[in-house]
Every structure is written in C-alpha cells, then in structure tokens.
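Right, one structure below, let's go through it.
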Amino acid sequence: MPELPEVETVKRGLIKTIIDKKIFDIEINTDKLRYPIDKDQLVKIKNKVVKEIQRRGKHLIIFIEDDLQLIIHLGMSGIIKVIDSTNYNKIKHDHIVVTLSDNLSLVYNDPRKFGYWLVNTNHTPLEHRVLVSHGVEPLTADFNSDYLVSKLKQTSRKIKQTIMDNNIVVGVGNIYASEALFDSNILPTRASNTITKKEAANLVSSIKKILEKAITQGGTTLKDYKNTEGKPGYFTQQLNVYGRNEQQCYVCNTKIQSLVIAQRNTFFCKKCQK
C-alpha cells in the first residue's frame, strides 16, 4: 500500500506537471472503486483549472477552480501517471483518465480497486468524512515527544498499533512503523503506556528521519507502487528489518523475526530492540 512517502512523492510529481492545467475531459471506466463512483460529481471538474495540490496523510487533495477539490486515496495498488496524451494506449485497470491541456493525461490505474476518488464541494476538504478524524502530520512540529507521550499513556495496546493509528498520527504505515521502531530500539510488541519520555522522543525523531529519507528516495516499491513518471521508489534498498524475516540484522547479526500485529506483518530484531 502506498504510504506517506509514496503519496508525498506523487504529490510533488503532480505539482510539477499539472498545476495551472485545464481539465478538458474525464473518462471513467468503472462504476466502483472502494466506493461507488459518483459520475455526476466527477464531471463537475471538466473545463476547470488545477490550482493547488496538497497531501493529508495518505490522501491527495487536488484543488480546482470554483472551490472544487478532488480527494484521492491510492488504496492498496493505485498508481497515478502523467503522460503525453498522444502516446497514451489504454491498459487493463486504467479506471480513470483525465485529459488536460498541453497534451497531458492523468491516468489512474488500480488493479485491486481499493482506492477512491471523491469530489468535495463545501470549501473545507479537511472536514470531509474521510479526513476529519485525522491526527497530526508526522513531519510537522505538532508531532513531538510531549504529544506522543500524552497519547501513549492512555493505552496499553502495542506501540506499533498506536503509531499506525491515523487518529493519532497520519501516514505512518506498516513499512515505516517497523523501520522507525528498529531505528529507535523499541520492540513493536511493547505496551504503549510503558514507553518512557526519552524513548518517545527517540521514536518521534526516528519516524521523522525515516519518512524524510524515504521521501528523498522516492518512496518504497515492494510490488505495485510507481511515481507519476512510472518509476519505482528506491527506499527498499535501505530497509533494515521490513521484509527481512530470518535474515541477519545489519547491526548485530541476529536473525530478524516477524509476527503479525493487528493483521499486519511486523519485523524486528529481538537483540537490538527492547
């Protein structure tokens, strides 16, 4: 699933290519992604200009003139490509194709159809039902040790579950949660309310560092993810624990272990993490 760094990479690619472009047409090739597609709403973006693009957690928000916003989630396997319209040949799972000025097309391909495209018309996209409960952004000053400690002391659930809770902090997905916990030497199975303030400070620092490094590498490609140019992310080459079950830890040579926490595969080093 595309996580925060991957969505941030897509956002930056879109900013470079589609800002100030006019939307000439939108072709919808499916009736349903995660939610049924409201074609009457989507056609409202036709003949409008793209003004701004933001990210909120794992969502893209595309601001369009006349106070319209597209809220897009890539789901498990969604890819957005910006290509030359004259060279476009439709392939399987191209569910939405937006034709833009300057011979550009924005193509949304999603084999598993867990993503969604929603149109917001009330001028306040952050109050939309899919965004309103989001917690703080991890790369902002609002995400700090005092904030995290205040949340951790309220729950005994495993620390990995807590830092992946979008109501607390958005966008720290499965890959980066495992990597940040390794970087801060904290076992993913620790009860949240046992984490000390010093450990919380280290964890906040690790989350920020890991996410920022992943963004500079264009995200992580395990299977499906590609950026707007169709290129993979290269952070896979820097993963210390994720996906490395039974391989030697780069730090201590102990074998990496895995277990399932809240239905998500979790990777850790029993020696380095306490």
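In case you wondered, yes, glycine gets a Cβ from its N, Cα and C as well.
Because the structure is a prediction, the values reported are computed rather than measured.
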Zinc finger range according to Swiss-Prot, out of 30-64, 65-99, 240-274: 240-274
Alpha-carbon spacing, Arg112 (DNA binding site) to Glu3 (active site, proton donor), which is rounded to whole Å: 16
Separation of alpha carbons, Lys58 (active site, proton donor) and Pro2 (active site, schiff-base intermediate with DNA) (Å): 8
Cα distance (Å, whole number) from Arg264 (active site, proton donor) to His93 (DNA binding site): 26
Helix, strand or coil at Arg264 (active site, proton donor) [DSSP, three-state]: strand
DSSP helix/strand/coil residue counts for the zinc finger (240-274): 0 helix, 12 strand, 23 coil
